[in-house]
Amino acid sequence: NRKAKVKRKAKRVSDDDDEEEEEEDEKPSKRRGQRRRTKPQDSDEDDEGDKKSVASKASKVSGKKGAKTSRKEESEEEDEEDERVSKKKRGKAASKKEKEEQNNDKKGKASGKDGDNKDKKKKKNANSSSSSSENDDDDEDSLSEGEIAALMEQVEEKKKLISTIRSKPWRMKKRLLVLKEAQQFVEKFEGALGKGKGRRLYAFKVMMTKKLIKFNRDFENFKTACIPWERKIKEVESHFGSSVASYFLFLRWMYGLNLILFGFMFGLVVLPEVLMGLPYGSIPRKTVPRDEQDTAMDYSVLSDFGGYCKYSVLFYGFYNSDRTIGVLKFRLPLSYLLTSVGIFGYSLLVVIRTMARNANEGGDGGDEGEFNFSWKMFTSWDYLIGNPETADNKYASITTSFKESIVDEQENQKDENIHLRRFLRISANVLILCCLGGSGYLIYFVVKRSQDFAKMDPKKLTWLQNNEVEFVMSLLGLVCPPLFETIAELEDYHPRIALKWQLGRIFALFLGNLYTFLFALFDEVTAKLETEKSIKNATEWALSEYYANYTSFYNTTDVPPPNVNPADVIRGPCWESAVGREFVKLIVSDVQVTYLTILIGDFARAVIVRFLNYCWCWDLEAGFPSYGEFDISGNVLGLIFNQGMIWMGAFYAPGLVGMNVLRLLSSMYYQCWAVMACNVPHERVFKASRSNNFYMGLLLLILFLSMLPVVYSMMTLSPSFDCGPFSGQEKMYDVVIETIDQDLPAFMGTIFSYASNPGLIMPAILLMMLAIYYLNTVSKGYQQANTDLKKKMQLVSMSSILLLSFF
Amino acid sequence: MGSTSSQLDKDALSEYQELTFLTKQEIILAHERFSAMLPQEYKGATNIRLPMEKILEMPELKSNPFNKRICHVFSTSQPNDGSLTFEDFLDLLSAFSEAATMEIKSHYAFRIFDSDNDGTLGREDLEKMVTLLTGDSKDTSLNGEEMGQLINNILEESDIDKDGTVNLSEFQHVISRSPDFVSSFKIVL
């Protein structure tokens, strides 16, 4: 009741005065019964008004005593004075309390009589010894406890009102008024509640909450100020609409993700090795071999990531396998392994969190066809558009989509030659499968050839032969998507469905290429492992020979280690660094191709159209080439695949993440400039947000797919014997097992061995599957309940219409 | 620049932050833009109303088909001529801001679409909306038959109690399912 009253009071601001007068009239008649109840409040008011300190019990008692034994007029005066002096809300609350007590009294016996009895009892108590006054006090304290609790409740409500006031659709003036009232009420009573022992904690809590709220608000402001490129994206938005801008928002999100991953990798792996590890040239793995040294600084070698680049922190091979390094005993191999796994874990967390947030905001999209027309009508206009040309385009596209959907509805029954259509679609799919297979084979072939090239003398190879793999992959990525689009003309789908098919096919193309590339690479790895074995045997044989000679020559058993310059030591092939190099080269060439495409495909085209238009037969701007449109889906897919390659390659080349950060940064500025200078808004405007979760879903899939090769190599392939942080181990994860055995207390080892027991893992997996099944059933149940409720609503409204028609 | 920002005092700024979904920078920017549109002799005065024509010159609202309706909905002037004070302007930006909730946006969207202010979206309201959305030129507007068909389809989808109009709760029900609404119902200075 009280709560409802508070809310109603908040809204009916203008009715305040009436209520107050009403209450004041009632007061004198019920004064006697209420006097006792109002006293604690009066005394609180006194304390607050006079001294700010916590009133001692004695003064309180005397104050109360005085109020009790004095004439009734005094309390009445105080009441009236309070009423006059204090703000409206407070007086209302006090009088409201009186009303409540009134009601309570009425429920019991006759009010006046009751009050009299209580009054007399009080007077008797007051006149007796001080001990009874203590009883009195306790009595009154317990009363004020209840009241104070009720007061606290009110204050909390007011605070809630303040925090939610911006979500109420009122006018600003009304909101201001309500806010001021609520704030004053809260201030007054928080002060009152802060008095007395035990209340200090409450007052402190209140102050801390206020400070926390202010701090939160300032922090939110600061965070929004820190977000980069807001202006740029807003400009793009107003010119091109929200769909193009969604690409740039995605780019910025990726940049943030990569920045954090770079922080992890750099801080936990690269920096310790640089600061605390051995410097360049001290051990064989960190030195350029003797026969490569004269070409190590050449630009062509460096741009191929050989020479000094290969033997630097960029690649896996540089890291030493000492268990702990430096003064701080930093465990580098463990950190390397855990960071690589942690990168996947963190990315997974962030992607899923973003997907959940998108799903919450936008509805699940499950009811796609349900509100077709209404959505077109109510949500199709993009309020961010600030450019008249874009607005005209938008009008045209809305009209087209209206007309289309009207026609669609009517044409749904029309049955064209269904057999011809089916045949065409199947043949189109067959053609595309052939293309995909062809491109996969091409890549395999080229990678095998590059292995043969690697065996030949590097100086005799042309640039093309050196970079054949990357060249072929980029070419395929450029040529195949338009090819797919032309073949898809055969299929005759609705544009949105056609777009989905196109995206799926491009996805399959990239995936196929990437995995073929990986298979070929890992074939190479096994070949390298074979050579490694032979080299390892050779080194060990040489070492044992040296020991034998030394012992026989000097006739001692105390043999110093061989004094060989690190540059001259025989090296194994170090397959991890080779794999890392391949990835880095691939990504660099990918970036180059993207930038070149933009430069030629968009910029050069725009320049030609603009300047040749004056002296050309037909209108270039409206006719054939015209200005390009920004290819959203192509760019987003490119970004996603780039990220997939980064995830795959980060394990073998820790510097890759840093390079990606630079690439994304430059990409942002370059593409923003390109889109504003060379592109025109789309003719058909597609909605961005519905595809948002689609792209996130793709990203998630790529994350899993790129985790597989890394996990596979960690689990099954053995590390090189002379390079990288895991050299000397049987398998890479042995580092973790070693740490558990040696560094952690014994019981943790037993815990881990229990946890990795198949007998425990199988039931856990079963449990998770059961949980998924259960949640699925629950969600189906909710959907069913939804449709039932809708039907019920229709029935109710229909029956009410029928009823009305009878009267 | 310095003179305009000092006009918005700290108390008012913190109050506006409490009352709207805007951040401090957005409120300050809104104040600058609003003051820039005031004629010279009124600069520095408070509670000044900007007439609707001035507001519609802003690039963010100029190309919007619903610009006049927006001004009328957020205006608190007595004859309701679409003029806005600074507080009305802040109300507008708050409802269209990134952080505003779905309820606020759908509430205001309903009022914007309701051209005759009768609390429901009837056939005339919907027809007016379609005309605004399809632009003014002849080749982009729908003819009478298409219009009728479209409105029938819309009413069929959204009018749950079949009374021929779309009221606020039906509207909110339709809008809350849409994934595009919150992201497209945005105006940023």
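Here the Cβ of each residue, glycine as well, is placed from N, Cα and C on the backbone.
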Inset, instruction - Check each of the ranges A:603-623, A:645-665 against TrEMBL and return the one annotated as transmembrane segment. - result: A:645-665
Legend entry - Remote residues contacting the transmembrane segment (A:751-775) - C-beta distance under 8 A, at least 6 residues beyond either end: 740
Legend entry - Criterion met for the transmembrane segment (A:645-665) and the transmembrane segment (A:334-352) (at least three Cβ pairs under 8 Å): yes
Inset, instruction - May I ask for the residues of the chain that lie six or more residues beyond the transmembrane segment (A:502-522) and have a Cβ under 8 Å from a Cβ within it? - result: 432, 435-436, 439-441, 443-444, 447-448, 469, 473, 476-477, 480-481, 484-485, 488, 579, 582, 586, 633-634, 637, 641, 644-645, 648, 698, 705, 709, 713
Legend entry - Composition by DSSP (helix, strand, coil) of residues within the domain 'TMC' (A:574-689): 83 helix, 4 strand, 29 coil
Legend entry - Long-range neighbours of the transmembrane segment (A:334-352), counting only residues six or more past its ends (CB under 8 A): 257, 260-261, 264-265, 268-269, 272, 319, 647, 650-651, 654, 657, 696, 699-700, 703, 707, 710, 714, 725-726, 732-733, 735-736, 739
Inset, instruction - Sort out the residues at least 6 away from either end of the transmembrane segment (A:253-271), same chain, that have Cβ-Cβ distances under 8 Å to it, and list them. - result: 313, 319, 332, 335-336, 339, 342-343, 346-347, 350, 354, 639, 643, 646, 650, 654-655, 657-658, 660-661, 664-665, 668
